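A.B. asks: TrEMBL feature annotations, pasted as is:
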type	residues	note
DOMAIN	10-358	domain 'Major facilitator superfamily associated'
TRANSMEM	12-30	transmembrane segment
TRANSMEM	42-62	transmembrane segment
TRANSMEM	136-153	transmembrane segment
TRANSMEM	159-177	transmembrane segment
TRANSMEM	239-259	transmembrane segment
TRANSMEM	266-283	transmembrane segment
TRANSMEM	295-312	transmembrane segment
TRANSMEM	332-354	transmembrane segment
TRANSMEM	360-377	transmembrane segment
């Protein structure tokens, strides 16, 4: 009999390996670009356009996929293509060629998250998979890879970052061609036709949710894009930078593991308010902290600024979004709050970081303040 992993174990490995690569790309890619001699202004522009490319990839490369077989085939092809595309950085030195390849690699890589989440959602729906416990391995993979990469960059140099990404994608590709048992196959389409993205966006009731999630996730832009650069500028070693990211994900793991128990009786609106309050505290602290200890402690708030906001979003989509709207809503969630909103604020951060340095985090704290008002919208607040 051909070897095959149980579907939930396969999914856990997928999350671990995908977010393992993401745990290198997100915190350390700016350092790789800086190590290649690219200015912070150009890095900001590159990261912003990369996020736009992620948004486009999430919207365009996930369309018309219904069965698990079609999803897995797309995942295999995109993973292999991403590995080849990232290898292309070894062949170019021109800053504008690097710019274009940054856009291409992000366009190809980004759909792997949405596609993985769609497969995971099918396993929850048809195989009764425990999402939280399986998704937890993605956070663990992110934490371990970011810590290891920080150590490797300290021991070697920035060039290890690109090599680690390519190796990680290679491991992920090997997983995608490994069979899994009990995957839901044909006949998994919803009974009603899937809604289009524009159909969802035309609904006024959806916009308060979109605004809240865009502000909360977008406020991470300065941290994602320039956190590592700023910490390096104030003399903190790459090892500690890796630890900072790992501690942040540890806070995320805590809320993924116990979020249902902690927030089971808390309204979605209040969860968004808690995430906003945590954001104000976290970004303000990062704006003033110069030592390892306060930065490390503030990183625990990632469980609130990202974890609680994400859990609230998942509850919203589970309780307010119909099955035929699920794929389009998931694509919008990946493309706008997680890509375009962050892209816009990353671009702004790149322009102002050379001028204001640490104050860029304070501006992120101001960015989330409208959430306290929008959360009172009847389309959010009525949900219990």
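Quick reminder: no glycine exception, Cβ is built from N, Cα and C everywhere.
Any TrEMBL annotation is an automated prediction that lacks curation.
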A.B. asks: Can the transmembrane segment (360-377) be said to touch the transmembrane segment (12-30) if we require at least 3 CB pairs below 8 Å and skip pairs under 6 apart in sequence?
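C.D. replies: When sequence-distant Cβ pairs are counted, the transmembrane segment (12-30) does not touch the transmembrane segment (360-377), since fewer than 3 lie under 8 Å.
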A.B. asks: When you look at the transmembrane segment (136-153) alongside the transmembrane segment (332-354), do they share 3+ Cβ pairs under 8 Å, ignoring any pair fewer than 6 residues apart in sequence?
C.D. replies: no
A.B. asks: Where else in the chain does the transmembrane segment (295-312) make close Cβ contacts, counting only residues six or more beyond its ends and a cut-off under 8 Å?
C.D. replies: 213, 216-217, 219-220, 231, 236, 243-245, 247-256, 259, 263, 268, 271-272, 274-275, 277-279, 281-282, 285-286, 289
A.B. asks: What stretch of 12-30, 159-177, 239-259 shows the most Cβ pairs under 8 Å to the transmembrane segment (42-62)?
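C.D. replies: Top-ranked stretch among 12-30, 159-177, 239-259: 12-30.
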A.B. asks: If you average pLDDT over the domain 'Major facilitator superfamily associated' (10-358), what do you get?
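C.D. replies: Averaged over the domain 'Major facilitator superfamily associated' (10-358), per-residue pLDDT gives 89.
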A.B. asks: For the transmembrane segment (136-153), give me same-chain residues lying six or more residues beyond its boundaries with a C-beta closer than 8 angstroms to one of its C-beta atoms, as numbers and ranges.
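C.D. replies: The answer is 12-13, 15-24, 27-28, 31, 160-161, 164, 168, 238-243, 245-246, 249-250, 252-253, 256-257.
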